[in-house]
Structure formats: structure tokens, C-alpha cells
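*Asks:* Not my notes, these are from TrEMBL:
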TRANSMEM  B:20-41  transmembrane segment
TRANSMEM  B:233-264  transmembrane segment
DOMAIN    B:240-355  domain 'ABC3 transporter permease C-terminal'
TRANSMEM  B:285-309  transmembrane segment
TRANSMEM  B:329-351  transmembrane segment
TRANSMEM  B:403-427  transmembrane segment
TRANSMEM  B:615-638  transmembrane segment
DOMAIN    B:619-731  domain 'ABC3 transporter permease C-terminal'
TRANSMEM  B:659-688  transmembrane segment
TRANSMEM  B:708-731  transmembrane segment
Amino acid sequence: MIDVVDVSRRYEGDRAALDHLSLQVAEGECLALLGPSGSGKSTLLNLIAGLDRPTEGSVTVGGTRVDRLGEAAAARYRRATIGLVFQFFNLLDDLTVTDNVLLPAQIAGRPAAGSRRRAHELLETLGIDRHAGAYPGRLSGGERQRVAVARALMNRPPLLLADEPTGALDTASGAEVRKLLIDLHADGQTIVLVTHDEVLAEAVATRTVRLVDGQVAVG
Amino acid sequence: MSAIRTVVRGAQRRRVSTIVIVAATAMAVTATVLAGLLLAASSAPFANAFAGQHGAHLTAFFDSAKTTKDQAAATASQAGQATGPFPVAATGIRPEGLQGMPFTALRVVGRADPGRDPIDKVSLLSGRWARTTGEIVMARGDLRIAPGTVVSLENGSTLTVVGEARSISQTAQAWVTPDQAAALGQTGWQMLYRYADAGTVAAMTAHQTALGPAAQTQSWLGVRDDAAHRTQLFVPLLTAFGLIGLALAALVIGNVAAGTVASATRRIGVMKALGLTPAQVVRACLVQALIPGMIGAVLGIIAGDLLAVPLTADVADLFGTVPMSVTPWVDALAVVAAVLVIAATAAPAAWRAARLRTVDALAVGRTPLSGRGRLAARLAARSRLPRPLSLGLAQPFTRPARLLAMLLTVAFGTAAATFAIGLASSLRLVQAADQKPATSADVVVYPSRDADGSVPNPGAVIAATPGTGSYYGRGPADITIDGLREAARGTVTTGDASAAGYEMLEGRWYTAPGEAVVTTGFLTATGKHIGDTVTGTGHGPLTLVGEVFDGSANNHLYTDVATLPGLRAPFEWYVKLTPGTDRAAYLQTLTSRNLMAEATRAEGADGTLIVLNSLTALLTALLVSVAALGVLNAVVLDSRDRVHDIGVQKSIGMTPKQTAFMVISSVGVAGLIGGVAGVPAGYLVHHWAVPAMARGAGIRLPDSTIDVFAPTLLLTLALAGLILAAAGALLPAGWAARTRTAVALRTE
């Protein structure tokens, strides 16, 4: 499903966040990207999500050359293909839980009634339907991350990208999110997971790739 | 102090925001300088200009056939201060090469350097003073001849116009060197006097009497009254613009300052976490707002002083005074006002930031204060509007103070535009009234003589010419009226002159000899009312049957020529052709019958109207630009505050177009409500200022010249608020759309 070929990403000063990295992810797989800070994990996730472009190499997701997409096409690609979960949730604090979850569907111009049904289902499935009318600021970290996952799944994306999804959570909340990801993967969701958390990676991932200095670590 | 410097420097690193803050402050200070100049120029313009030129309280002319130079000079002892005698000549001039144009009679005074004399320090408006014979400096007035023009004199010689100048005391129509005055054929001497007691008619009459019967004198009181007439005409206009400008500038600067502090709250939180005390926070915030504000203020002063040159020239032309030079006190006041407004608006924000718990200060940078705007967000989310639009519409409610400031900014901009458009329309209609005879007819026939010297009867010829619809004749006549010191300017007519289409303010058009319609100026001068009768020599009693609006402020009377038996007025005939008549063929027919005829044409706008229009356009453009920059600044601040949210929205699929649309629609509420509120405000200012201007000019305007706003125009103007706001949001919308998602997500 994902084909990253000889990708490099250099920033100002010629520092390489990724250095000629190649990687494939199959459909239904759950890949965990591990590595120390600055190893290039988040950069790789950004390239797959079309949030950033490689300096060299190609990134293909579901047959789409993501590295060649312009900003508008990349946005449409994300709507259709990608669900993103961030470490710090990135929920909009002035929208209710439901409105946050609905947002991807509304931006994509999906019919309102169908979207509401889908949002309700997701909130129910993720066990946060009682907070539907609440604002994110009132929820615990774990609950906020569940909302973020619900939002990521709103448009039924074939690929879920999660960047340190438990990084900002306490142990109990982290465990909740871990179980959620296991369940999603069990339902066939393709997941790429960036984490420092070896326990999470071991529990959820079907494969683990370790990055060091922008390259896949050998051994 | 270094911690404060860190906060300030950090904020300045936000280059785009800083540029916008500097630009908005600069524009607002420019508006303040110009508004201050307008208010200063509108405050006793004649008195100030008269004092500046050390004007002559009394200007005396002594006929050189009766009074010697020494005798004229000896009169100096009767005044507190005197200057002269200067040689005076009378001549007729016209620009060289315009043989068909009649000579204009001028009283020319020979003064070596009128700008340096102790009294009547004439101001040079353009060019230079006459240095030698063959040169002339024209007084700025009705006859405008540009420097460099060669003028022919009646005696066949020529002079070169080398400058244009204005004497507030109106002591001459032109100046030459004393030698040139003598060469033109000196007719007398001019003496100029100033007195300690010159404030009353009685005092001035006593001074005039003391000079003896040989002196022809002009009192400054008469000149002052004429100037007051012009001043009163334009003061409401300039005052309105000045006050709108000041209010708008204060609003924009205040919003900029408060926004600057608010946008740095998170940075302040970090610095507090590292040990910055509340007092240091307040100082840092104030310095941070003041630095770009002061840079903007300095740039604004420079721009204001540059723009003041054309502006004060226009204002001086309107008032008949001399342009104000750059006024340091206005500049200084503008800077002080800007600093005070910045400090006053930044201080509460700084105080809030200082009192904010560090942890909250750290959180505030990412999202707006929680709780505000949630209702709007909920309603917007439930609407059927496209999501980027509904997100944008709800967004400003998270910062109600900023929304209010933006709304007021748009309202002021729209009010200024509404007022300006209304004023231009009103003035155009006033000008159009003056040209009614030409615009309501197809052909005008001028008085002419047959080759044998007999006057043909154009009326009979016109009546007999095929294609004539209706026609009437009109001509000038001075009509004496008991109670008026000078004869009224009259127009006598024959035929149905109501076809000229003048609007009646009261009563009706005359239908028989012995009836007359008059202007407001006539009623004011005579103290009469419609229905009254006036008498005078050369005519029987005249019943005033109507008050007419002819676009002039003059004391004017219209009546049938038969009212004045024996009057032979040179008539112009105005002809309305029957539909389908070929005007060219009609004119040819009249010409073949020895009549001078041509198609009617409206004259261009007069000089005052052109000056007014250019002044109004300049001020409106400035105010609308200030308003747009105010919006731009507010949207830049908002976009910066929400850049992380924008990144989130982009990460879940919002396209650049949708992002731009969302940012532009975030000014929709302010634009719409501001526009809707600004239009009635501008409408009310127009409905106050235009009649006030007319009253100052001694005229009454018909409702049609004041009710110039058609519903569609008002609607368009209300929508203009939306366009103004959208224009201000365009740049930040572009920036938001172009911002890379990954960068936006990383931004705090």
C-alpha cells in the first residue's frame, strides 16, 4: 500500500532528516516506526501524509505519487486516504467533540445526515458518545485522543497514521489508546505508528522498523 | 532588561506581522496628521491667514491726477503702521494668441517684493516674483493664467507671467515691478494701513473718513465677510472628514497595539516560566507595542507631511487663503496621540498578560480564550453552509473585542465612502442646476446683428423654422429693488421660460408680467418672502411668486421682459426641437437665416467643484485605505493566532482554496454589519454636512440634491463594507492558504 523509495529530506543547512530511505507497507499491516528523537520518524510520517515533500525519492500510497501532489491535491488525498492522529490531539477547542469529529466529512462536502450517523457510530464505538456535546478542554487526555482517532476515522481512510499517539498520555490513558489501536488493526485498518513506546509497538505492530539518523537501522 | 529585550525581539522576528503593524500605524498617523491639518485649516482660516500675511486693514487708492506721491505717503502718520505708496496701473490683458477673447481688466500694483513688505506679505503660490520689466505675477482668483504664459496688453505690448500669488487682503489683481507699473501708464498710488482698532465698522469708517475724499478705500471687514462666506461653505465638509479620520486612526492604532500584545502572550508565558516578573511583563508588552508603533508613527508623519502639500493647496483654494506649511505642532500632536493611544490600549492587554497564570499564558498562545464564540461555532456547525465558510464566519466571535474593532473600522470606512459619494452626487446636481437652460434645450441661438446693423427678430425666425418644438428667450438685466444697495442681478425672459426646468423650492414659476421668481439669496438680502411684493425704479410692483434653485448663491431675480418696459436685453434663445428633427439641418437653417446658433452643451465642472472632488477623492481613498489596513492587521493577527488550527484543518483535508475562503469569510460578519452600520452613519453625516455647507453659502438646496441615495446605491454601499473587509483579508488569506501544513502544525 505504501512504497517509499530512496527518499531523502533535507532542511536548511543541508541537514538530512531522512537519508535515502526505502520502505514498503502492505495493506492491513500495522507498522511501528521506532527511534530516538531526530531520527526522522515524524518526517517520514509527514511525507506519507502529504504534509511535506521529499527532497529526493518517491512516496507512493495506494497508487498515488504523493510526492508529486500540489497543496490542493494533497489535501484531497488526505481527505480520501489518510487519517491522522497526533501526539497532542490537535483538536479545535472551540468546537464540540461531535463537531471536531464531523470536520473531515464537512470539509470533504459529504452529506450531513450520513456524516452525523457515522460520527455517532464512531463516538459510540470508541466509548466517548457521552461527551458528544462537550468541548475538548473538559476531557481527559485519553478521551481527547479517542476523539482525535474518531476524527481520523471519519472519512473511512484506508491508512491511519499515528504520531506518538500515547506520548502525551498517562499510563491508564495510554493503555486505552493502545487497546483501541489493536482493535482497529484487528478490523483490518492499515496503520503506521510513530512511537518511542516499545510496549505500544510490541502490542500493536505487526512489524517494527527502527530509524537512526534518517536511515533504517540495520540489525 | 535583557529579558524584556528577548520578548520584544522575539515578537519582532514575526516579520509579516511587524510590517503590517508598522504599515497600519503609519497609515493611521498619516490620517491623523491630515485630519489635524484639516481641522486646523478649518479653524478661523481667514484670521490665521490674515495674521500670517500681516494683512492690510485698509487699502487706499489715490488718483495720481489729484494726489502726489508725497501726499499719499504723508497719510502713513494716520495709522499705526503703513506701507507704500506703490504705483498702480490699470490695463486689460489676455493670453497671447487668443485674439477672439476679450481683454480682462486688471488693477496692477507695482511692488518690488510684496512678500517682504511689513504689511500685506503676499504669499507666492507658484513661480517667482517679478524681477524686471516685462514680467507679471497674477493674483490667484477667477482668472487663472499659469506661470510661463505670455499675455498681451491692450496697448499691444506683452508681459510674461512668472508667478501666482495670493493677497488675503486682496490688494491687487496682479503685481509687477514699480518700473513696469509706471510703463503701463500709472493711474495712482496705493497705500496699505494697519490700525490698533480695526475690529468694528465704526472704527474702520472713521479711518476711511480720516484719509479724506481723495482716497478710494477697501476695508478688510468686507474682505473678511466674503471669506467667511466661503469658509462656512466648506468647514462642515472638512470637519466631517477630519473627525472621521481621527476616530478611524485611533481605532486602528488601538487595535494594532492591543493585538500586538495579545499575540505575544504565549511567549510571555515562556518568559514568565523562566522568571520574568509581572512588572517586567508590562514593560516588555508596552515596549513591544511601542517600537513598531513609533516606527509607523514616524513614517506616518513623513507621509502625512508629503500628502499635506496637495491637500493644503486644495483647502487653501477652497478657503481663498494660502496653503498651510507643514505644521510641527500637528505632527507633534499626532505622534503624542499615537503614543497615548498605543499605551492606553496596550496597557490593559499588558496588565492582563502580567496577571495571567504562567500555565495559562503558555496555553493561550495556541487557542483563543476558551468559552468565547462557542455559541457562534455551534450555530455555524449546524448551518447548511459550506464548512470553510461557517468556520470562518464563527471564528471572529472567539475574540469579541477584535471583532468589534474590525466592525467599527469597516463602519468608518463605509461611512466615509458613503459620505463622499453622496457629497459628489449632491455637488454634481448643484452644478447641473446651474446648467439647466443648456441641458433642457437642444439648440441655443445667440444675439446677433444683420450685416446692415439691424437686429433681426430671432423669435419669429425660430417660430417659423420647421422642427421647433418649444422655445424661449432670456437675457441679463440689472433690476433695481428698493431696499437693496445695488441692483439685483436679473434675468428677463420671453416665452415659456419655465422650460428651463429650474427646480422650485417654494411657490411656482411666473406666468405673467408683474410676477417674478427669485433665489434664496434675494430673499435673504431683501428680507422678503414668497407672496410679498417688491418695488423699484424702471418697473412696476413685482409679486414674488416662487423661490427658485438655480445652483448659484447670488441674489437673482427672474421675470418676464414685459415687466420692464423699454428694456432691450440681448436675448439668447433656447429651443427644444420636436422629436425626430435633425439638429444639424435645423442649425443650418437658422444659420442661413443669419442667426448664430449651435447645439447646447453643458460646460465642464467649475474650478471649485474640481478642487472639492479631488479633495474628497483624496480623503476618501485615504480613509478607506486606513480601514482596509486595519482589517488586514486584524486578520493577520487572527491568522497568526490560529495558524496551528489552520494546520490541523489542512491536515484533515482542507485545500488552500478552502483555507483562503475560510480566512476571507472570517471578516464576513464585520464586513456586513460594519457596512450596514456605516451606510446610515455616512448618510446622516451627508444629510448634516451638505445642508450646512449650503447654509454657509447662503443657499437653500432642494430635497432632490440631498436625497441622492437611491436604494440600490445604499445597498451597494452596504455591500461595499463586505468588499472593503474582504480586500483587507485577501493578503492574509493568501498567506494562510500558502502556509505549508507541516510548518503550520509546528508553529506555536
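Using the three backbone atoms N, Cα and C, a Cβ is placed for every residue, glycine included.
Just so you know, TrEMBL annotations are computer predictions that nobody has curated.
Walk me through where these features lie, including what they touch and how far apart they are.
*Replies:* Same-chain residues lying 6+ beyond the ends of the transmembrane segment (B:233-264) with a Cβ under 8 Å from its Cβ atoms: 7, 10-11, 14, 17, 21, 24-25, 27-29, 31-32, 34-36, 38-39, 41-42, 285, 288-289, 292-293, 315, 318-319, 337-338, 341-346, 348-350, 353, 399, 401-402, 405-406, 408-409, 412-413, 415-416, 419, 423, 612, 616, 619, 622-623, 626-627, 629-630, 633-634, 637, 640-641, 685, 688-689, 692-694, 696-697.
Helix, strand and coil content of the domain 'ABC3 transporter permease C-terminal' (B:240-355), in residues and according to DSSP, is 103 helix, 0 strand, 13 coil.
Here the transmembrane segment (B:615-638) has Cβ contacts under 8 Å with residues 16-17, 20-21, 23-24, 27-28, 30-31, 34, 38, 237, 241, 244-245, 248-249, 251-252, 255-256, 259-260, 262-263, 307, 310-311, 314-315, 318, 395-396, 399, 402, 405-406, 409-410, 412-414, 416-417, 420, 423-424, 663, 666-667, 670-671, 724-725, 727-729, 731-733, 735 of the same chain, all six or more residues outside its ends.
Along the domain 'ABC3 transporter permease C-terminal' (B:619-731), the predicted structure has mean pLDDT 88.
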*Asks:* With CB pairs under 8 Å as the measure, which of the listed stretches B:20-41, B:285-309, B:329-351, B:403-427, B:708-731 comes out on top against the transmembrane segment (B:659-688)?
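*Replies:* The stretch with the most contacts is B:403-427.
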*Asks:* Under 8 Å for C-beta pairs, could you tell me which stretch among B:285-309, B:329-351, B:403-427, B:708-731 has the largest tally with the transmembrane segment (B:20-41)?
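*Replies:* Most Cβ pairs under 8 Å with the transmembrane segment (B:20-41) come from B:285-309.
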*Asks:* Please spell out the DSSP helix, strand and coil residue counts for the domain 'ABC3 transporter permease C-terminal' (B:619-731).
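*Replies:* Summed by class, the stretch gives 97 helix, 0 strand, 16 coil.
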